[in-house]
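Engineer: To start, I am sharing the structure in question, which I have written as C-alpha cells.
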Amino acid sequence: MAVSSDPPRFKHKVTVVGSGNWGTTVAKLVAENTRENSDIFEEDVQMWVYEENVVIPLDSPKYDPAVGDEPQKLTSIINTYHENVKYLPNIPLPPNVIANPSLLDAVKGSSILIFNLPHEFIGNVCRQIKGHILPSARGISCIKGVTVTEDKVELICEYISETLGIYCGALSGANIANEIANELWCETTIAYNTPPCDRRGENGAANGDAGGEVHRDARGQPSKVKLMPVPHDYPPVDHTVLHKLFNRPYFTVSMVSDVVGVSLAGALKNIVALACGFIEGHGWNMTAKTAVMRRGMLETIQFCQEFFPETIQEMTFWESAGWSDMIVSCTSARNWRYSKMAAERGVSLHEIERTELNGQKLQGISTTKEVMSFLKARGVQDKYPLFTAVEGIVDGTFKMENIPVLFRQQ
C-alpha cells in the first residue's frame, strides 16, 4: 500500500567514516556529486578524521613560514587548506568536505554512511556509533575483504548491518586511490540489494510493507536485522540515487545486487595475487601468470557457489569487482609485489613481511590462512588446489616450482 507520493521534504546527509588515502579520495568524489545533486543530498559531506598532529613539510605548497615546524591538527589543516596533507597530499578537496574529529558528531543525523577504513578497526567504530545513528540510515562499505573463521564466512557489510541494525551494501573494484584522486579514469562496482521496505512505486510513493516480502541475508535466509524503512519524506536509497552519489566522469559506477559476489571476489583475489607473485618471481612468464589467474577465478567462483548458492550471480565476476580487480591485483598491487620479492630473493613471505612492511601485514597471508582453515574444517580443501598450494608456499610445505603439477591434475 502506497504511503505517499508527495515529493521528498528532506535531503540525504552523507558521512564518510575514515580519512586515509582511499577514504579521502571517496570523500572528494562524493562531495563533488552532492554539490551537483543538491536536490537529493545536503552539500556538506562529513568526513570522520582520527585526529593527529601533523607537521606540514617544507616543500608542501601549504607550508606556512609563520607556523613553521609546529604540529597542527589534521582536521584543522584539511578544513583550512582543503587538502589531506598526510594521506592524500597535493590533491585539492572540495570545500564542502568537512573534516570532523568527533566520530559521533560526524555520523549524527546522517542518512547515508560510507565506511572506508582498515578492516581491523570496523568493529570498534561500529560499537562506538551503535545507538547514535539514524535507525533508518543506509550504508556502503568500501572495505575489501571478509572475516573467515572455521565456523563461518562473514561479509564486512553484513557485520555492519547486523551490528548497527541498518542495511549496508559494498563497493569494490579495480581501484587505485591515487589514480582516482588524480581523476584518471577507472570503473568500480557497487553491490546494493535494495531492501523490500525501501522500494518505491512508479510514482515515487513508498511501498509500505512491500507486499509482505522480507529482507534476506547473504545466504538468502530472512535477515535477523529488522530494518526501519527510509522515511518517505527522504529520497529513496536505491541504485539510481547511489549512482548519482558515486559516479563521476573519471569514476564509472556499475550497480549490481550481488553483495556476496562483490565482497568475496574482493577478498579471494588476494590469494591469487600471492600465487601470481610467486610465479613471476620464480621466473615464469606472463602466460604462466594468466593460467594461475584463470585457475584462481575458477576457485573463487566455485567457493562462492558452494557456500552461497542461494544468492551468488556468476555475471558479477565480469564486473570491475571481479576480473578487473583480479588482473590489477595480480599485476601491480601489494600482495603480488611482495610475494614476487620473496620468490626473487629466495626467502619466505613471512620474512618479507617482517623486513619490508614496517609492522604492517599482508592481507593475502591472513586471507589464505582463514580461508584454508574454513575449507579444512569442512574437508573440502582438495577441491581448491591453488588456494591449498598458496598456503603451502607461505608455510614452506609446498615448492612453488610444483605449481604446474596442479594444472595436470585438473
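Backbone N, Cα and C define each Cβ position, glycine as well.
Whatever TrEMBL says is automated annotation, not expert-curated.
TrEMBL feature annotations, pasted as is:
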- Lys269: active site, proton acceptor (ACT_SITE)
- Gly18, Ser19, Gly20, Asn21, Trp22, Gly23, Phe121, Ala177, Arg334, Lys361, Gln363: NAD(+) binding site (BINDING)
- Lys144, Arg334, Asn335: substrate binding site (BINDING)
- 13-194: domain 'Glycerol-3-phosphate dehydrogenase NAD-dependent N-terminal' (DOMAIN)
- 258-402: domain 'Glycerol-3-phosphate dehydrogenase NAD-dependent C-terminal' (DOMAIN)
Engineer: Which one is it, among the recorded positions Lys144, Lys269, Asn335, that lies nearest to Gly18 (NAD(+) binding site) by Cα separation?
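Structural biologist: Of the recorded positions Lys144, Lys269, Asn335, Lys144 has its Cα closest to that of Gly18 (NAD(+) binding site).
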Engineer: Taking the Cα atoms as reference points, how far is Arg334 (NAD(+) binding site) from the residue listed as 'active site, proton acceptor' in Å?
Structural biologist: 12
Engineer: To see if you understand the setup: which same-chain residues, six or more apart in sequence, place their Cβ under 8 Å from that of Lys144 (substrate binding site)?
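Structural biologist: When sequence neighbours closer than 6 are ignored, Lys144 (substrate binding site) has His119, Ser172, Gly266, Ala267 within Cβ distance under 8 Å.
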Engineer: Taking Gly18, Ser19, Gly20, Asn21, Trp22, Gly23, Phe121, Ala177, Arg334, Lys361, Gln363 as the record's NAD(+)-binding set, what's the max Cα pairwise distance in Å, rounded to a whole number?
Structural biologist: 21
Engineer: What's the CA to CA span in angstrom from Gln363 (NAD(+) binding site) over to Asn335 (substrate binding site)?
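Structural biologist: Their Cα atoms are separated by 7 Å.
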Engineer: From the recorded positions Gly20, Trp22, Lys269, pick the residue whose C-alpha lies nearest to the C-alpha of Asn335 (substrate binding site).
Structural biologist: Lys269
Engineer: What is the nearest of the binding-site residues Gly20, Trp22, Phe121 to Lys269 (active site, proton acceptor), using the Cα of each?
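Structural biologist: Minimum Cα distance from Lys269 (active site, proton acceptor) across Gly20, Trp22, Phe121 lands on Trp22.
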Engineer: Compute the average pLDDT of the predicted model within the domain 'Glycerol-3-phosphate dehydrogenase NAD-dependent C-terminal' (258-402).
Structural biologist: 95
